[in-house]
Amino acid sequence: MVKKANHKTFAMVILIIGVFMSALDNGIIASALTSINYSFHVSEVQGTWGITLYTLGMAISTPIIGKLADKYGRRKLFLIEIAIFAVGSLLVALSPSFTLFLAARIIQSVGGGGIFIIASSHVLSTYPKEAQGGLLGALGAVNGIASVVGPNLGSLILNTTGRWNWLFLINLPIAIFVLIAGFIAIPETKGSHIKRLDLKGLIFLSLGIFAVMLAITNLQSGHLLASLLTPQVWGILVLGILSFGIFVMLEKVSEKTDPFLPYQLLKNQGFLLTLTMGLLSGMLIAIFVFIPSFVEQRYGVSADNSGIWMSGIGLGSIVGAGVGGTLVSKLGAAKTVVVSGILSAIGFGAIGFFSPSTGWFLGASTLAGVGFGMLMGAPLSVLMAYFAGPKQNGVALGTLSVSRQVGLTIAPTIYATVIQNGFSRIPMKESLEAYYRQLLQSTAQDQAGLLRIFYRTAQAAYANLFVVAIVASLIIAVGGWYLKRRQVAA
């Protein structure tokens with residue numbers, strides 16, 4: 001019995017290592033974008049395609065890998081995913097041109113797309129209900145840790161080796177270890193006995209995800225509505241919506257055979273509400289991007305030190321992921337969602353409308369991090385598994401991951417637009433040059449007064465950003481309350 005328990009624990013450790021490796025990748029590359037762009041002689045705009053294509057590849061492949069894992073077995077698909085990720089990492093590191101670099105990033109994204117989903121599905125089908133929350137919380141915490149560690153580790157490797165290629169080569173020994181250990185330790189699942197795969201549904205779902213995500217990446221902050229009306233946005237968006245419509249019709253027709261995503265699920269209010277909460281949770285995670293610029297302008301912090309101010313929200317999200325898992329085991333997933341939404345709303349409100357001191361900011365940002373961190377691992381995954389049932393765990397969790405990724409992708413554009421609109425409505429900003437001229441010519445006492453005015457101006461401009469975050473948090477809380485009222489047993 002002890003040997004079996006140890007074997008089970010070792011399998012979980014291997015899955016966690018795989019999740020950490022794949023989650024670390026985007027954080028690591030962010031620290032090396034300038035070096036990569038210089039190496040291939042491309043502009044900053046062109047360079048961002050290395051991240052954009054990776055995001056698109058993950059969004060498309062995640063539900064597909066989840067479905068294949070349900071159908072053919074989790075261990076098999078996990079090992080295939082790790083192998084593809086390793087090959088992609090090697091090809092990225094050895095790419096002689098930017099075109100091949102982008103192609104290799106797509107291969108790498110296909111490998112990374114299903115690792116977290118397979119690990120989550122393994123927890124839900126292998127462990128008893130009372131243990132699921134803590135383990136799913138641990139997986140969420142690993143994602144949070146990777147987002148904090150990634151940029152710092154990337155900078156360390158880059159400074160030590162002087163070459164960005166090592167950021168990807170470092171994945172190879174880890175992947176080889178996970179492949180060998182995973183083959184030995186992770187138990188295989190039987191999968192479904194239905195032979196036919198819903199290829200038509202798979203194609204139209206993939207096309208829909210690709211089109212919507214591509215349209216979102218073409219949106220321009222500050223000109224949100226104007227860019228929405230351009231053909232490269234609305235044309236692609238219409239293609240995506242039509243593809244999703246065809247996908248739904250195909251799933252309805254193939255309901256009695258083997259649909260990619262059962263039509264009954266697509267009609268389930270709880271399932272759709274959980275997807276919506278997943279999208280909103282992705283929008284909350286995107287707040288990370290704007291915290292450094294907020295503290296620079298609100299508190300006068302230098303750009304070199306602004307990243308340190310991320311520690312509260314980063315550590316809070318890691319703690320929140322673990323706490324969220326524990327609460328799911330004690331209170332249930334729906335109640336945990338309510339608690340997380342309320343904590344996030346209070347935290348973001350305290351940052352955006354008060355923040356009288358640095359201590360206040362760090363406390364409020366930690367609270368906000370705990371709030372949305374609780375959503376990163378356990379509660380939404382448990383709810384999704386409850387609505388989908390054990391035979392559809394993988395594809396359902398993959399769909400949840402896509403909804404979160406859509407929120408994470410669209411949020412920065414929305415946030416940048418509302419911040420820009422906030423600044424444009426403040427009269428003092430109409431003559432910024434005159435303001436700086438006055439600042440330079442003033443006495444020290446007058447300068448202090450003018451700086452206080454500027455900091456208040458920055459806080460007022462960023463207020464809209466935090467209003468969006470508060471509204472998203474409260475919708476999540478209401479969604480959890482609604483599911484609890486429906487007496488969802490999750």
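In case you wondered, yes, glycine gets a Cβ from its N, Cα and C as well.
If you look up TrEMBL, you'll see 11-488 marked as domain 'Major facilitator superfamily (MFS) profile'.
Counting only same-chain residues 6+ beyond the ends of the transmembrane segment (12-36), those with a CB under 8 A from a CB of the stretch are 44, 47-48, 50-51, 54-55, 78, 81-82, 85, 101, 108, 111-112, 115-116, 118-119, 122-123, 135, 138-139, 142-143, 145-155, 157-158, 164, 167, 171, 174-175, 177-178, 181-182, 185-186. Here TrEMBL flags 12-36 (among others) as transmembrane segment.
According to TrEMBL, the feature transmembrane segment maps to 48-65 (among others). Long-range contacts of the transmembrane segment (48-65) within its own chain (CB-CB distance under 8 A, at least 6 residues past either end) are made by residues 25-26, 29-30, 33, 36, 77, 81, 101-102, 105-106, 108-110, 112-114, 117-118, 202, 205-206, 209-210, 213-214, 217, 260-261, 394-395, 398-399, 401-402, 405-406, 409.
Sequence-distant contacts of the transmembrane segment (77-94) (same chain, at least 6 residues past either end, Cβ-Cβ under 8 Å): 15, 18, 21-22, 65, 68-69, 100-101, 103-115, 118-119, 165-169, 171-172, 175-176, 178-179, 182-183, 186. Marked as transmembrane segment by TrEMBL: 77-94 (among others).
Per TrEMBL, the feature transmembrane segment maps to 136-158 (among others).
The transmembrane segment annotation in TrEMBL covers 164-187 (among others). Panel annotation: around the transmembrane segment (164-187), residues 7, 10-11, 14-15, 17-18, 21, 25, 28-29, 32, 35-36, 39, 74-75, 78-79, 82-83, 85-86, 89-90, 92-94, 108, 122, 126, 154, 157-158 of the same chain, lying at least six beyond its termini, place a Cβ under 8 Å from a Cβ of the stretch.
Beyond the ends of the transmembrane segment (199-219), by six or more residues, the same chain brings 52, 55-56, 59-60, 63-64, 67, 227-228, 230, 232-234, 236-237, 239-241, 243-244, 246-247, 250-251, 254, 259-261, 402, 405-406, 409-410, 413 to within a C-beta distance below 8 angstroms of the stretch. The annotation transmembrane segment is assigned in TrEMBL to 199-219 (among others).
Residues or ranges marked as transmembrane segment in TrEMBL: 231-250 (among others).
Summarising the annotation, TrEMBL assigns transmembrane segment to 271-295 (among others).
For 307-329 (among others), the entry in TrEMBL reads transmembrane segment.
Non-local neighbours of the transmembrane segment (336-354) in the same chain are 277, 284, 287, 294, 320, 324, 327-328, 360-361, 363-372, 374-375, 378-380, 383, 459, 462-463, 465-467, 469-470, 473-481, 483-484; each lies 6+ residues outside the stretch with a CB under 8 Å from one of its CB atoms. Residues or ranges marked as transmembrane segment by TrEMBL: 336-354 (among others).
The annotation transmembrane segment is assigned in TrEMBL to 360-387 (among others). Sequence-remote contacts of a segment are chain residues at least 6 beyond its ends whose Cβ falls under 8 Å from one of its Cβ atoms, and for the transmembrane segment (360-387) they are 120-121, 124, 132-134, 136-141, 143-144, 265, 268, 270-271, 274, 277-278, 281, 284-285, 287, 291, 295, 299, 309, 311-321, 323-325, 327-328, 333-334, 336-337, 339-348, 350-351, 354, 393, 396-397, 399-400, 469, 473, 476, 480, 483, 488-490.
Look at TrEMBL and you will find 461-483 (among others) tagged as transmembrane segment.
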Across the whole of the domain 'Major facilitator superfamily (MFS) profile' (11-488), what does the mean pLDDT come to? Round it, please.
81
As a test: from 136-158, 271-295, 307-329, pick the stretch that has the greatest number of Cβ pairs under 8 Å with the transmembrane segment (461-483).
271-295
